[in-house]
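Okay, handing you the structure first.
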Amino acid sequence: MSALTTILKNFQYERVLSHNTRTKMIHLLGQVDGQACILSLEKLPYDDHAIPTLGQHVDTLADEVENNIYGWGLGHIRLEHLDTQIKYIYPATDLHIRKYEDQQRYLIKETPTVYDEVTRPYINSIPATRIDWVHNILNGKAEVDRVLYHDKHEENGFVILPDMKWDGHPDSLYLVAIVMNPSLTSLRSLTTNHIPLLERIQSTSIKIAQEQQQQSAATSDIITDPPQLRCFIHYQPSYYHLHIHITALSMQDPPGAMVGQAHLLDSVIDNLTLYPDYYQKATLSYVIGEQHPLYSNYTTWLKQQDKDKKY
């Protein structure tokens, strides 16, 4: 019995952490053998082979409305392949739970001073074991069969593999490139010396993406050309080991590709070309949830600054 099968069988539901009706994704909190577990379920797109006959599989209709040339209603579709992508985090920590829970979000303007006094200490406080799963990928101890490219050079190497969010359809292609160099934790780590690495990641990612879409596509005319890919870096990232996201432009509203989080790789390279230490001197704005420990650290720091000004 697989780990996922065991978790699904023993999962004891507690509550909904968040439910996005637009993306059709829900995050559930529960217990498995007395330990916290997060289940994430996402409805996948219709199977390409079923699309031509979708209308014929509707067996019940409700709440029908007609108005001139327009009409709508709720229908139940009988299909064998209405799949759901399922992910789990087990055992889940309080940090995981806070990450997926619905919460108020704020836009933070991170100056170099804020980075040095708030963000950097937070990064340094994170236990190294939290990204053991990243090291397992880089060292060939896990997900070996999923790796699409691996340059093992300690300073300039990187690995490319499918992101967990990719459902295998060419239009929703989602890859991730992870650098081998552990000293590169985030966008703030980058200088002009890293331009060759970033350019090689970009060109290699484009090649790998085209190969993957060629294998996944039903017809060759779906293949993505380089201009139809977006490569970006998150700030703040979900984990502090530099990684680059690669998605197809045809993927509508990919997670994290938003103002206040995503920085296009082309722009990053241009900034570093103009100013070698751009990301050490720039003010970077980012969106963060109120339950994130970094937000708590930031608000505590702000209060201390206000207090110091009074004396």
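Glycine is no exception: its Cβ is also placed from the backbone N, Cα and C atoms.
TrEMBL labels come from automatic prediction, so no person has curated them.
So TrEMBL says this about it:
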BINDING   TRP133, GLU143, ASP163, LYS165, 234-245  substrate binding site
ACT_SITE  HIS243  active site, nucleophile
To the nearest whole angstrom, what is the C-alpha distance linking the residue listed as 'active site, nucleophile' and TRP133 (substrate binding site)?
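So the alpha carbons of the residue listed as 'active site, nucleophile' and TRP133 (substrate binding site) sit roughly 14 Å from each other.
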By Cβ count within 10 Å, point out the most packed of the binding-site residues listed: GLN236, SER238.
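Going through GLN236, SER238 one by one, the largest Cβ count within 10 Å is at GLN236.
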Across all the protein chains here, work out how many other Cβ atoms are within 10 Å of the Cβ of ASP163 (substrate binding site).
15
Around HIS243 (active site, nucleophile), how many other C-beta atoms are within 10 angstroms of its C-beta?
21
Just name the winner among LEU242, ILE244 (the binding-site residues) by count of other CB atoms within 10 A of its CB.
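Top count of Cβ atoms within 10 Å goes to LEU242.
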Any idea which of the binding-site residues TRP133, HIS234, TYR240 has the thinnest Cβ neighbourhood at 10 Å?
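Lowest Cβ count within 10 Å among the binding-site residues (TRP133, HIS234, TYR240) is TRP133.
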